[in-house]
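Heads up, the thing below is written out as structure tokens.
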């Protein structure tokens, strides 16, 4: 039996409320038929996506991830400007840029090593931290429209742990079940 799994940063409730406010502003500012919005409870920053793996391999993945992350330090996450992702010319996602880039990339690389050590493949493209707010049904949404939207400032977010989630299909959207948490020093 398989599970669809990924590593991610989740958010505390106070940040979810701020993100809900941002989603509300965007939903009022952009054509609804063009975007499938992410539900507030599903907001996260993916650090590494595995897809479907054998359930019996999850304990090894958790063990390897704990080892790889053992010296990783807690850090302050900042969510920046709105962006079309992966590029403005070929957008699939509306997201918020996330940083600091070097810290997120370092953690993502540790997780990639844990995935490889667990005999699974990983993405080879460089990591780019982002928070997916919605998926574009129509890629012709104008980048200019995003720049005109004024969003409230999101406070710096203390990140003290990373999660391994299982993604399960739901009625309207997937829902995520935490399988493991990895505290940061």
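In case you wondered, yes, glycine gets a Cβ from its N, Cα and C as well.
All TrEMBL annotations are machine predictions without curation.
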Range annotated as motif 'HXTX 1' in TrEMBL, from 44-47, 48-51, 52-55, 56-59: 44-47
Of 118-121, 122-125, 126-129, 130-133, which range does TrEMBL call motif 'HXTX 2'? 130-133
Residue 130 (active site, proton acceptor) falls, by three-state DSSP, under strand
Which is it, of 44, 130: the one of these active-site residues whose Cβ has the most other Cβ atoms within 10 Å? 130
Expressed to the nearest Å, what is the distance separating residue 130 (active site, proton acceptor) and residue 44 (active site, proton donor) at their Cα atoms? 9
